[in-house]
């Protein structure tokens, strides 16, 4: 048994000793069968939340009403959830109620896809009542039971299906895809925040190029912020190297570019992204437009962008063109290292010094003068030393006076 499961085995065994069933469930079991890195390990049990809390000395009640208790075991927190069935769903988002049951199969039946409805006991024996292993072998995303019913219960499952295409490289089962097409309008019931969470995982997946066109093919894009008229653009997005992008702002910048979005800020705000991501994605796009090719970087542009953003610009450009970005990154690192200053804060003079030198009241001219100074320093026209900057500034003033 793999270490993540071994570390949590004590919880399973303790529940078993008290006469309850307990199993590893969900994504961790799926990823074990796929040979993927195993994330959070979740446990399902026949024990009721109160019974779980009575057995373990260190627990946190994070949602016992819905069956979930966090058990802290050997310094690690694990979600332990009572077997349950879901009542009717309200607004195609969440069940109005849950009913605790003593049957593992009943619990697995309520899950979204067969690959996520697999359990494993303390001995490593797989319990798979809905054909999840077969779906994994065939690399198919298939719902547990009737696809229409699953998507009507929780419309976000349709986005999850396409997100799993991006993460796993699986295909949608025919009936699953048909049901998404039929139920796509239900996505309008889902909050933007939940859709954005799925979209970010989709964009970060190694198979994003396969998943993005599916948003158009299934009609989901009609109900996603800013994508209603972007079906053909989403299909073209399959040509780009999405896995090359490591940062979320790079992915959103590429999406804006791929979709032909003219104004990135309103588009990204519609997704309710953090301002920091919106600002940085916009800055990447603006710099990409200002520097039309890797060889076009000036010292001033590199200084203003900073190394991190400059590298982001080139990786987005590479994702668009398919050309390797490493040579550009190496060259930008070399050039940035050679800049005499890396930030405006490193300039040997500030506004107060400039005002003292010129002897004029403060005003917009101070910023204009400081901008001229850092540009001269960055371009090698003057060394970043107070005395040399003073001499350069006096000479500049004399030249300007002559030209007036």
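One-based numbering along the chain as shown.
Here the Cβ of each residue, glycine as well, is placed from N, Cα and C on the backbone.
Pulled from Swiss-Prot:
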- 27, 30, 111, 154, 157, 160, 163: CTP binding site (BINDING)
- 27, 30, 111, 154, 157, 160, 163: ATP binding site (BINDING)
- 40, 42: Mg(2+) binding site (BINDING)
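Structure coloured by features recorded in Swiss-Prot.
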residue : record           : contacts (Cβ under 8 Å, 6+ apart)
27      : CTP binding site : 39, 40, 42, 116
30      : CTP binding site : 115, 116, 118, 132, 136
111     : CTP binding site : 26, 117, 144
157     : CTP binding site : 112, 113, 143, 150, 151
160     : CTP binding site : 112, 113, 198
163     : CTP binding site : 198, 199, 201, 202, 205, 211
Greatest C-beta neighbour count within 10 angstroms, which of the binding-site residues 42, 154: 154
DSSP three-state assignment (helix, strand or coil) for residue 40 (Mg(2+) binding site): coil
Cβ packing number for residue 40 (Mg(2+) binding site), 10 Å threshold: 13
